[in-house]
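These features come from Swiss-Prot:
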type    : residues                                 : note
BINDING : SER29, GLY30, GLY31, LYS32, ASP33, SER34 : ATP binding site
Amino acid sequence: MTPAQRKFLKIVKDEHYFDKDSKILLALSGGKDSMTLFNWLYDLKEVLGIELGLAHINHGLREESKFEEIALREMATKLKVPIYVDKFTGEFTEKNARDFRYQFFEKLMIGENYNILLTAHHQGDLVETVLMRQITGRPLRSLQGIADRQPFAGGQLIRPLLKFTKEELDAQTYYEDSTNQGLDYFRNRIRNQLIPELKKENPQFSQSISDLSSEIKKALAVINQKISELEIVDEKISSKKFISQTKELQHFILQAFFAQYPEIEVSKKKFAELLHIINRPQQYFAKLNKEFYFVKTKDFFYLEKIQLERENSVEIVSENPQDESFMEVYLPLEGEIEIRKRQPGDQILINGHHKKLRKFFIDNKVPLKARENPLIFVDKKLYAIVGLACSDLSKMLKNDKIRRILWVKPSIGEEINDARKKS
């Protein structure tokens with residue numbers, strides 16, 4: 001057993017990466033990193049008591065790719081190790097290729113009953129990732145670098161080589177990807193231009209960044225402990241508990257909150273605005289992006305998924321449905337009907353007075369969700385807030401024989417119907 005293999009075996013056991021009888025799928029590119037990991041796993045499979053399979057993606061970017069695929073298939077057959085191969089299709093970008101790989105791995109994990117996925121990311125990959133995120137202005141949380149383990153496809157994704165430098169990886173047979181030497185990609189420029197220059201200033205630069213990443217993880221663990229003490233119910237955070245924290249801790253709590261939603265990008269300006277909103281006593285309900293609303297009630301703040309029907313959330317019939325959930329709206333016989341969401345400056349004529357909708361909602365304690373109900377206009381004049389109230393313009397037509405009648409109701413739940421009863 002080589003010194004590197006002994007180090008690997010110790011890390012696997014100390015970190016409890018997997019148990020005996022684990023069924024492991026190794027992402028095998030054919031490069032030095034993944035071939036080293038394969039060699040170590042294959043040599044130690046009896047000691048570890050594992051079952052091993054290989055997953056390879058042919059990205060088709062180089063002429064050599066097809067020959068490398070053939071060689072890997074032949075190696076796996078000779079060593080009696082299952083290998084699964086797929087070929088990337090579609091427009092090549094780093095993100096598209098990554099998404100394709102992990103979708104393939106997920107399908108194999110589930111379909112072939114693997115419980116561990118291993119990738120061969122090493123210390124150099126971690127350092128590159130930290131630098132890329134730092135250069136692009138990512139928050140402190142992202143500077144932890146690459147996690148050594150995380151849930152994946154009902155099992156675990158584990159990266160057991162993060163404590164190894166590139167120089168420690170000892171595979172003798174591997175396939176060099178010539179595209180890694182170019183400067184077309186951001187990561188390549190970091191790897192091939194920036195890091196070599198930084199190592200001239202500090203030969204231990206990579207280890208220093210790795211240590212910094214570890215320090216950040218420890219600091220965030222303390223913050224996460226504080227977060228766990230907050231009142232969190234169904235992914236809703238207590239506004240009162242949040243406001244009682246220091247401004248500095250509030251910043252990191254809100255960062256952690258949004259980290260639960262990796263698909264959401266919040267600008268620094270928007271982040272600061274939301275911090276301010278949470279600390280104000282007023283309620284808040286607004287679209288954060290195309291998929292989520294940010295909601296703050298007097299008790300909690302949280303994100304709510306935007307349902308497609310909210311954009312056109314009204315059911316309309318022209319004959320009495322004999323259903324109390326419908327609201328009767330009287331409209332003039334002539335004029336263009338418009339149904340839309342509220343806009344700044346909208347007013348309603350109610351009880352003989354023109355009142356801005358914002359004030360109407362506040363005065364009647366209308367729930368935030370209900371404030372998004374559609375409005376019914378005729379020739380730019382507001383006749384009804386669906387599910388909530390009719391304006392005087394509509395009420396004046398009740399006994400008029402020349403009129404139109406619509407029966408309408410919102411299609412977004414009981415909370416709005418309750419709001420109508422209160423107003």
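One is the number of the first residue shown, and numbering goes on along the chain from there.
Cβ atoms here come from the backbone N, Cα and C positions, even for glycine.
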Here the binding-site residues are SER29, SER34; the one whose Cβ sees the most other Cβ atoms within 10 Å is SER34
Rank the binding-site residues GLY30, GLY31 by the number of other Cβ atoms within 10 Å of each Cβ, and give the residue at the low end.
GLY31
Which chain neighbours of the ATP site, leaving out SER29, GLY30, GLY31, LYS32, ASP33, SER34, have a Cβ atom within 8 Å of the mean position of the site's Cβ atoms?
LEU28, MET35, THR36, ALA120, ALA171, TYR174, TYR175, ASP177
DSSP state at ASP33 (ATP binding site), helix/strand/coil
helix
Near LYS32 (ATP binding site), which residues of its chain come within a Cβ-Cβ distance under 8 Å, counting only those 6 or more away in sequence?
LYS166, LEU169, ALA171, TYR174, GLU176
